[in-house]
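Per TrEMBL, region 'Disordered' is recorded for A:1-25. Annotation comment: TrEMBL describes A:31-52, A:58-76, A:88-106, A:112-138, A:145-164, A:194-214, A:244-265, A:271-290, A:333-355 as transmembrane segment.
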Amino acid sequence: MSATSAATPPRERTTGVAGGPGGPRRRGSTLLRHLAVVAVAGLLLVGVSYAVEPFRNFQLATVAAYLCATAGLTVLTGLNGQLSLGHGALMATGAYTVALCQNAFYDRGVTGGLLLLVSLAAAVVATVAVGAVVGVAAARLRGPYLAGVTLAVAVVVPALTVTFDGVFNGEQGLSVPVEPPPLALGVYFPYERWQLWIAGAATLLALLLLANLVRSRYGRTFRAVRDDEVAARLAGIHVARTQVLAFVVSAATAGLGGALLAVLAQSVSPGAFGLTLSLFLLMAVVIGGLGRLTGAVWGAVMLVALPDLSHSVTEQLTLPAAAAQRLEGNLPLAIFGITLVVVMLAAPGGVQGLLSRFGRALLARWRVGRS
Amino acid sequence: MEEGLALHHIGVRFGGLTALDDVSLRVPPGRVVGVIGPNGAGKTTLFNVICGFVAPESGSIALDGRPLRPRPHRLTRLGVARTLQGTGLFAGLTVLENVMTGASHTARAGFLPALLGLPRSDRDEARLRRDALDVLDQLGIAAHADAAPGTLPFAVRQRVALARALAARPRLLLLDEPAGGLGAEDIAELAELIRQLPHRDPDPCAVLLVEHHMDLVMSVCDELVVLDFGRVIAAGTPDEVRDDPAVTDAYLGAAVDEAAA
């Protein structure tokens, strides 16, 4: 061990703090490395889609949709330091765009497997536009004022769908017609598996791009602006432009996540994108591990697992129907809130922070055992 | 053409308070110029004017004979870098990343290559990393490249801040109280380092230094400007300034006031 470390050139020496928040330096192509991870994840996902029952496929697809949003939010809040209470509304923007596009295609009798791609792309574009407007406002604001503006967005956007009910059909919302799986996959191909494939592919693409960006100088710039705006400006960084960029990137992924949710549910209504969703997203990202894409995965899993869990819990209890319904509705929020407090007190790095600390400890022990 | 930085008759007022009054000074290439003065004399305001954080009410700034309308994020492009009081390091970035950030204006790869993870973006990063490691090497702190700034002793952090500024390859370096919080030995090393800056082989840079520590200022500066209540009360070589009665007055007067209070 000592012989190898003496052989490494002096530049490779480190003081033991491995990499820091940016992770250790890595050699080779960023793209190839990330593509390899995505390919493995994709293969795993296909395998799992055959191994589990349709309902689990649907749940996993929902996790993927939420993951788009949490991954974007963790980049914005964790890496760039901008708090957003409005990501639920950005998801709604994507969801309604995809609904309007799909309906427009179907009303005109245009069909084809690639139309969904067009609609999803349109959802991202629309959310980028909304995100740019909110982002420009956000770049001028700090702390509680930023929270206030994004909160307003979270409240206003769902309300708009009721105000303009000619287009958005009010509280009822819109249905989202989606094509069945292509016949080439066989007549008995489960629809839920197809949903997981669509959501999984879109999310893996979004994660690939996010991971590339976080690794690039833009990721570093995001973090520099978060840590010290004055020093960032003196280092040649246009702070406001960087903040708008982070907001737009984050909005794009939130829009894609919302669009995927709409495609999965085959419907969209304002109730699904209320303020609670925005709060849930933020809590999920913090509990998962703020600023880490892997943390966003844990957060997205929790977003789907918790309501499911609270459903099973209330089923176990023998309660009057009304009380059971109320409990089921509020239990996830309560569990999330308590978990958040516990995580903040016990492990500010979130689930992912705990896991990587655990992993490092194991690795260190393994190395000691070998030498 | 007047080379280097030149400030002509700069005036700054904050409400009724005159922070700078008719301040002129020059930092020619190859020189170390110091700005000293009692607390509240306007030294940091002067830096903030040069960096564009504070807009002067009157007067003009010129860099290499061209009028300069400074904006903070454009400075490194113009060849001016500044360190901050304290260290102003990015706590969530490693030492190496901190220094790479200092050279942000030299990054060429755009948003799309970064998003797609193209080799162009990787090459750009590799070059920034090499350059940053070179600077860390020159300052003798390459061993700390992967450390988080918060884990390092203050003297090393101070050096990282200097490395970040030098990574921009400035022609003019503004140092804001670089000796603050350092011990005598560290100050001696810092003095040696500052003296070399104008004579480095690639990238020589002039220095404008704001500092309280008199020994450091007297030992490294070619010229001194003394501010008091926003006005230049003396200017010249360290020896000239030391013997100037106006300077002793300003400093001793302040001391007497403090003792009386």
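Yeah, the Cβs are placed from backbone N, Cα and C, and that goes for glycine too.
Remember, TrEMBL labels are computer predictions, not curated facts.
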Considering pairs 6 or more residues apart, do the transmembrane segment (A:58-76) and the transmembrane segment (A:244-265) have at least three CB pairs under 8 Å?
yes
Should the transmembrane segment (A:145-164) and the transmembrane segment (A:194-214) be scored as in contact, given a threshold of at least 3 Cβ pairs under 8 Å and pairs 6 or more apart?
no
Report the listed stretch (A:194-214, A:244-265, A:271-290) having the maximum count of Cβ pairs within less than 8 Å of the transmembrane segment (A:112-138).
A:244-265
By a Cβ-Cβ criterion of under 8 Å, what residues six or more beyond either terminus of the transmembrane segment (A:31-52) are in contact with it?
60, 193, 196-197, 200-201, 204-205, 207-208, 211-212, 215
